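Copied over from TrEMBL, here are the features:
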TRANSMEM  88-109  transmembrane segment
TRANSMEM  153-178  transmembrane segment
TRANSMEM  190-218  transmembrane segment
TRANSMEM  238-263  transmembrane segment
TRANSMEM  304-331  transmembrane segment
TRANSMEM  343-367  transmembrane segment
TRANSMEM  379-399  transmembrane segment
DOMAIN    419-478  domain 'Kazal-like'
TRANSMEM  495-512  transmembrane segment
TRANSMEM  532-549  transmembrane segment
TRANSMEM  586-606  transmembrane segment
Amino acid sequence: MDIYPKDIKKPKPALFCNVKIFVLCHSLLQLTQLLYSSYFKSTITTIERRYGLDSLSSGTISSLHEVGNTVFIAFVSYMGNRVHRPRFIGLGGLLMSFSAIILALPHFLSQPYTYDSVLHASRQDMCYLRANATGAEACGQEESRKLVDTSKFWVLMATAQLLFGIGSVPIQPFGISYIDDFAGAGNSALYIAILFAVSVFGPSFGYLLGSVVLQIYVDVDRAGAGVALELTPADPRWVGAWWMGLLITAGGLALTSLPYYFFPRELHVEKSFELEGDIKEDPKKTEGSMLDFFKMFPKMFVKLLLSPVFMLLVLSQCCFSSVIAGLATFLNKFLERQYSASAAYSSLLIGALNLPSMAVGMVLGGLIMKRWGLSFRAIPRFSVVMLSISVFCCVPLFFMGCPTQDVAGVYPKTSNAIDGPHLSCSANCSCPSSAFNPVCGENNIEYISPCHAGCTNFTMDPKNPYRVQIYSNCRCIPDLATAKPGPCANTCPHYLLPVMLLISLAGLIASLTHNPIYMMVLRSVPPEEKSFAIGVQFLLLRVLTWLPAPALFGMTIDSTCIWWKIACGKKQGCGYYDNNLLRNRYLGLQVGYKTLGIALLAFIGWKMHRTREYSLEKKPEGPL
């Protein structure tokens with residue numbers, strides 16, 4: 001029997017009337033959200049290989065969630081306390097979970113993964129001297145299907161990313177404001193610090209999850225997945241189970257979203273010792289109509305844009321954030337191409353070394369601010385010194401790379417190449433133009449397939465009946481010598497760990513400036529405009545950095561490609577890069593962004609030295 005009259009609301013369970021429980025739930029949700037984002041980035045190169053995407057297309061997909069976030073952030077800024085914030089957060093979490101499932105759908109809607117192999121009747125790529133080459137052969141049914149799948153699934157993944165961006169809009173603004181409204185005055189900062197301390201592990205967990213699932217064959221859930229025994233994770237044709245981690249994160253997002261539906265719209269404010277001068281904003285306070293908000297928005301926005309110190313600081317942050325975007329999206333690919341690391345091992349190194357070092361740097365930067373109380377004028381000088389050291393740490397990376405492997409007909413160009421990788425010695429082999437099954441000849445030259453090496457026979461591995469041990473009677477190799485399956489060995493894999501340590505050290509040193517610069521942004525605007533300034537700051541970071549930077553880095557990487565896989569005359573992902581160009585352009589773009597950011601900070605420091613107007617010590621909010 002219901003003891004509560006219909007006009008009286010039932011009280012929420014006591015467990016969900018505690019702000020500490022909300023902090024715990026929100027920490028787990030933000031951790032899972034960041035885990036999803038970083039996991040997806042760890043699978044970028046695998047998705048490229050599976051669906052024949054170039055780096056520009058994959059970089060664009062990676063950044064599309066920022067579009068949904070940017071479009072709706074203004075509405076969230078307005079709604080504030082007017083809505084049931086916990087339920088909106090829960091709704092956003094479920095939408096992100098749904099988007100993760102949509103992102104995994106291409107795996108279940110597409111045909112099983114196929115690759116070139118001498119063991120597949122329909123994909124044989126040995127040299128058959130009597131075979132007749134026809135135009136239809138160059139664009140068969142399978143190649144046509146691949147092109148259709150690439151376009152169709154790109155749109156599906158782009159839609160999923162847009163939905164994820166919309167779902168992520170209420171998470172941080174509503175969560176932090178809810179905690180700040182109902183935590184005790186002395187506890188708010190502590191709870192928010194705990195929130196970020198827990199969620200900072202999300203990116204590392206995402207890359208570590210990627211390192212596990214990418215060692216599992218992509219079609220492990222389908223009959224006939226035994227063909228995977230022919231490949232190893234180090235094979236350039238290998239595709240890991242990229243979809244599996246998405247289902248795991250979708251489940252995690254759904255589970256961490258459900259508790260929000262049990263939290264009330266308002267909590268009782270915690271009783272705690274309030275510092276003198278601390279004023280808590282009334283959560284029930286109204287803020288005018290949406291029309292008033294949008295009338296006020298352009299005026300305040302232009303006022304901030306005309307604030308030179310604020311704009312210069314935000315632009316410098318855009319430069320440093322662009323470096324992070326390039327690393328997060330394509331560091332995996334850089335390590336795979338330069339040092340022949342597998343996608344799984346690259347993700348493991350990034351999750352275990354690179355991301356934790358940056359988190360440590362951010363914490364140390366906060367401790368430096370607290371210990372030495374850097375002034376408004378000292379922060380630019382401190383940041384310029386630290387970031388310059390970070391740039392110097394990157395200089396050796398330009399010389400710690402592997403030269404491009406010799407690939408017959410591809411690199412370097414030779415006189416006996418009659419049409420790209422098609423050599424005169426294999427002209428009568430009728431090699432398919434779409435073949436990609438690298439082999440390494442005894443002469444230490446790589447060929448894009450046994451057919452292009454002119455091989456007519458092969459021997460199976462006695463230890464593994466699914467794997468070729470050697471190709472023989474190869475016409476393009478002197479003395480009709482043999483070739484081994486797989487690409488030729490990399491000449492400098494010993495550079496991999498030193499390079500990762502240098503990148504991690506540079507990231508740690510650069511991260512020391514994160515908190516000081518952020519605090520400088522907060523103190524560069526009047527107190528009453530601080531909240532609006534933070535919103536504009538994140539808006540500009542998204543529009544100027546997180547949207548264009550991954551695509552720009554993708555275009556830069558594509559510009560170093562020397563041989564594209566082709567299907568029906570259209571590009572289907574890059575087969576070979578010029579390693580020296582890839583290293584110099586990828587790292588050079590990062591150093592260029594850092595140098596521009598340092599120049600902006602140096603200009604701010606010079607302006608601070610000449611102007612006493614911006615002295616933080618004069619601000620009523622006290623020292624940093």
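Note that Cβ sites are derived from N, Cα and C of the backbone, with glycine treated the same way.
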Checklist entry - Which whole-number mean pLDDT does the model give the domain 'Kazal-like' (419-478)? => result 85
Checklist entry - Does the transmembrane segment (88-109) make contact with the transmembrane segment (379-399) through 3 or more Cβ pairs under 8 Å, each pair 6 or more apart in sequence? => result no
Checklist outcome for this item: For the transmembrane segment (190-218), out of 153-178, 379-399, 495-512, most C-beta pairs under 8 A are with 153-178
Next on the checklist: As a test: from 153-178, 304-331, 343-367, 532-549, pick the stretch that has the greatest number of Cβ pairs under 8 Å with the transmembrane segment (586-606).
Outcome noted: 304-331
Item to check | the domain 'Kazal-like' (419-478): DSSP-derived helix, strand, coil residue counts | outcome: 7 helix, 22 strand, 31 coil
Checklist entry - Mind checking which residues reach the transmembrane segment (153-178)? Cβ under 8 Å, same chain, six or more beyond either end. => result 22, 26, 29-30, 33, 36, 47, 51, 53, 57, 60-62, 64-73, 76-77, 80-81, 85-86, 88-89, 91-96, 98-100, 102-103, 105-106, 109-110, 192, 195
Checklist outcome for this item: Lying 6 or more residues past either end of the transmembrane segment (495-512) yet within Cβ distance under 8 Å of it, the residues of that chain are 320, 323, 327, 331, 335, 338-339, 341, 349, 353-354, 357-362, 364-365, 368, 386-387, 389-391, 393-394, 396-397, 400-402, 594
